[in-house]
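Chemist: For reference, the structure I am asking about is given below.
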């Protein structure tokens with residue numbers, strides 16, 4: 001079954017523009033856009049053909065301004081200056097190295113007798129460092145220190161653990177909602193934490209007014225639920241019994257879908 005395409009009044013009146021009528025306008029706009037592009041890029045022209053060949057050879061697209069070659073004069077002048085300047089620091093370094101060597105030779109000629117005298121003392125010191133004397137008192141002190149550290153660490157960890165507060169059995173047995181007669185009973189709230197406070201009275205001491213209020217709320221909830229169900233069923237019946245009206249030429253699509261007149 002082929003469905004017939006419904007055409008609105010707008011679709012009948014306004015059709016797609018024909019190419020014959022708007023071809024010249026389109027070409028004029030295209031020419032204008034190209035001329036504007038040339039004007040905007042006049043300060044820095046971009047040659048598309050050269051750019052493509054460069055990317056094919058090098059693999060990177062770089063603007064032409066960066067590829068400019070500097071004049072050869074500056075390149076020739078720089079190495080000449082460096083050639084003139086470089087030998088001076090090299091000569092200075094050679095003279096300094098020669099002076100340092102002469103000083104070292106003079107010092108070595110004067111030092112040997114002092115080194116011979118100091119040599120045995122150095123050997124004794126090294127021997128002491130290699131074989132330190134075992135002192136029993138120091139060993140016992142070290143052991144005692146390690147034990148005391150362990151004990152202190154155990155004490156610190158124990159102090160961190162907080163003791164669990166004992167549960168209040170009266171609080172568990174209390175009624176879930178605040179009671180009307182709770183204000184009449186004096187309670188010692190100074191010793192208790194005030195957050196999440198439950199009622200002071202037990203379930204045996206609930207006032208009759210509180211129970212009546214509870215039953216009233218439950219009845220109201222049931223009535224509301226019943227009303228919602230009735231409204232839902234009434235809407236379904238209306239939609240079923242709704243008669244589809246005949247075609248009305250004066251009723252627009254908006255009125256048919258969203259207006260209250262059609263309902």
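Any Cβ shown, glycine's included, is placed from N, Cα and C.
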Chemist: Select from 1-7, 8-14 the stretch of residues annotated by Swiss-Prot as motif 'ST]-E-Y-X(3)-F motif 1'.
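Modeler: Within the set 1-7, 8-14, Swiss-Prot attaches motif 'ST]-E-Y-X(3)-F motif 1' to 8-14.
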Chemist: Of the ranges 245-251, 252-258, which one does Swiss-Prot flag as motif 'ST]-E-Y-X(3)-F motif 2'?
Modeler: 252-258
Chemist: Mind checking which residues of the chain, 6+ beyond the ends of the motif 'ST]-E-Y-X(3)-F motif 2' (252-258), have their Cβ under 8 Å from one of its Cβ atoms?
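Modeler: Those are 8, in sequence order.
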Chemist: Along the motif 'ST]-E-Y-X(3)-F motif 2' (252-258), what average pLDDT does this model show?
Modeler: 81
Chemist: For the motif 'ST]-E-Y-X(3)-F motif 1' (8-14), find every same-chain residue at least 6 residues outside the stretch whose CB is under 8 Å from a CB in it, and list them.
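Modeler: Non-local partners: 253.
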